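Residues annotated as transmembrane segment in TrEMBL: 43-63, 75-95, 115-138, 150-168, 180-200, 253-274, 295-321, 341-363, 383-405, 417-438, 510-531, 551-578.
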Amino acid sequence: MGCGHKDDKASLASSQMASFSHQPHQPPSTPASKEVWKKGGRMFSILLAVHLALLACTLVSSGAFEKIAVHDYDVFFLLTVMMLIVIVWIIFYLVGTSRCPDAILCRDSHAGPIWLRGGLILFAIFSLVMDVFKIGYYSSFYSCLSAIKIIYPIVQAIFVVIQTYFLWTSAKDCVHVHLNVTRCGLMLTLTTNLAVWMSAVTDESVHKAHSKLKKNTTEEIFKWLLKAGMRSSSAEECNCDSQICQIFKNGYFWLYPFNIEYSLFASAMVYVMWKNVGRFIDHHSHHIHRLKFRLFRRTFFVGIVSGLIILVSGLGVLILYEVQVNSSTESHKKSQALTMYYIFNIVCLGLMSVVCIGGSVIYRFDKRDMDRHKNPTRTLDVALLMGAALGQYAISYYSIVAIVASTPRDAISALNLTYALLMIAQHTFQNIFIIEGLHRQPPKEDHKHDSHQKDLYGLTFVNINAVSLRVPDSGSTLAPSTASGAEAIHPSDLVRSLTAPKKMNWRRKFLREISMFLLLSNIILWIMPAFGARPQFDNDTELNFYGNSMWPAIVDICLPFGIFYRMHAVASLLEVYIMS
């Protein structure tokens with residue numbers, strides 16, 4: 001395939017490139033010509049993604065039940081084929097498309113920030129470790145399993161390595177050749193990540209529900225859970241008696257949260273790349289802000305210290321919760337663990353809500369302009385924050401209805417109700433704070449003000465009235481200076497210049513403290529449900545109210561979105577911290 005004229009949009013791209021070469025400071029000719037690239041190719045790639053996503057969702061959900069004649073190795077086969085196709089396309093993009101002449105005329109400076117790509121690499125490393133554990137686990141009894149179960153983690157490891165390199169090097173690209181092929185390839189990549197995410201969530205949720213309800217349910221329900229286990233149902237046919245096999249099995253289940261977050265992070269970055277295909281950026285309105293990340297500068301350490309206290313306390317609560325709930329069969333220890341969990345979360349969510357409200361009030365006095373330029377990355381961040389919060393909203397409202405309608409009510413029910421209400425409030429206030437921070441312009445250095453300020457700081461110990469003698473108020477004497485481009489220094493300007501930067505620094509410092517505290521608090525609120533602390537399965541109120549089949553299904557569907565919300569909030573708060 002050639003580089004320039006194999007696409008039905010090639011003529012448009014060449015004409016727009018010509019306009020850029022002759023008029024470097026002008027946008028493309030008309031608004032209509034700028035938007036043509038969004039229509040036909042985008043619609044076809046969206047339809048392709050929708051059909052593939054529906055097919056993958058159908059197979060994953062059907063493979064979760066034994067009565068349906070769809071087996072887990074059918075799901076593995078589909079995912080393996082999809083990942084192989086994506087690997088081939090990524091290699092084609094890196095070797096062919098990106099190296100074509102005039103393939104990448106501009107790059108989106110907002111796409112793929114360093115902290116997002118760094119998080120992607122972190123999750124990719126843990127995903128690779130998970131694949132190694134999977135290979136070791138399935139290899140322990142390969143004689144009684146389908147070969148696709150060993151091939152799948154190998155292909156997934158290759159897919160993770162190639163995709164991570166692709167997103168690290170090409171996340172900012174605005175491609176202008178092979179438009180339709182690139183759009184379809186990116187949509188296929190996005191759909192593959194979502195399919196892998198659905199498969200991982202199903203497997204991980206069934207495993208968690210299996211381990212939580214095994215000792216608390218009847219034999220009939222336990223058999224139903226075994227049938228619902230997509231991966232465990234086939235593994236039950238083989239014996240995993242050796243110690244190394246058990247280590248592999250437990251290890252890769254503990255690493256599932258990292259693989260789930262990796263798939264969602266990659267999907268978000270791929271979507272931004274898809275939005276940027278064929279995009280021309282007006283560099284006059286698309287400012288590139290080179291911000292330096294200084295963690296321990298201009299801070300009082302209050303936010304960092306408070307956040308670390310919450311983080312360490314949460315880790316202690318998580319360990320005690322896991323020990324008392326999973327290792328003990330006594331009901332009073334389970335009640336103590338639930339009480340401890342709810343009290344910690346109520347305190348944490350309450351503090352986070354108050355801090356978010358304080359940050360929003362500080363933004364009311366912030367003099368920075370709002371950033372109204374087109375930014376697909378920011379638009380996606382806001383959409384993901386609002387959409388992912390719906391998962392936790394749903395769980396909280398279901399809990400509220402169950403608690404209010406159930407009798408009798410005890411102390412744990414009261415704590416659970418307070419926890420659900422605070423969860424809704426905290427998500428709402430935090431979204432407001434983050435969205436306000438993402439739409440603020442970063443602090444700008446005014447060179448004119450800086451040079452003016454240096455002269456003023458030299459006069460700090462000079463009598464202001466004496467300054468007024470050297471700088472008269474009459475307009476006639478200022479004419480030569482203003483004509484030459486200099487500004488007269490008035491006493492009022494001196495006082496304002498000496499005091500205004502100090503007030504601005506105080507606001508920014510407070511915003512930084514708030515952002516860092518929220519960031520660390522969101523990390524522990526992500527760790528706790530991701531690594532086993534799920535009171536939704538341990539509290540009998542909702543389970544008795546909605547039943548043993550409906551309530552686990554609600555939690556399994558909604559909780560992954562709540563977990564993803566926390567990690568995405570961490571990335572967004574880090575950006576807000578740097579922009580403050």
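FYI, residue positions are counted from 1 along the chain as it appears here.
Heads up, the Cβ atoms here are built off N, Cα and C, so glycines get one too.
Because the structure is a prediction, the values reported are computed rather than measured.
Sequence-distant contacts of the transmembrane segment (510-531), counting only residues of its own chain at least 6 positions beyond either end whose CB sits under 8 Å from a CB of the stretch, comprise 254, 257, 298-300, 302-304, 306-308, 310-311, 314-315, 317-318, 345, 348, 351-352, 355-356, 358-359, 362-363, 366, 430, 433, 437, 559, 562-563, 566-567, 569-570, 573-574, 576-577, 580. The transmembrane segment (115-138) is in contact with the transmembrane segment (551-578), judged by 3+ CB-CB distances under 8 Å for residue pairs 6 or more apart in sequence. It is 43-63 that, among the stretches 43-63, 150-168, 253-274, 417-438, forms the most Cβ pairs under 8 Å with the transmembrane segment (180-200). Across the candidate stretches 253-274, 341-363, 551-578, the maximum count of CB pairs under 8 A to the transmembrane segment (383-405) is reached by 551-578. Among the stretches 75-95, 150-168, 341-363, 417-438, the one making the largest number of Cβ pairs under 8 Å with the transmembrane segment (253-274) is 150-168.
Cβ atoms under 8 Å from those of the transmembrane segment (75-95) belong to residues 52, 55-56, 59-60, 63, 146, 148-149, 151-152, 155-156, 158-159, 162-163, 166, 169-170, 182, 185, 188-189, 191-192, 195-196, 199, 230 of the same chain, restricted to positions at least 6 beyond its ends. Within its own chain, the transmembrane segment (341-363) has Cβ neighbours under 8 Å at 306, 310, 313-314, 317, 321, 412, 415-416, 418-419, 422-423, 425-426, 429-430, 432-433, 436-437, 440, 507, 510-511, 514-515, 517-518, 521, 524-525, 533, 535, counting only residues six or more beyond its boundaries.
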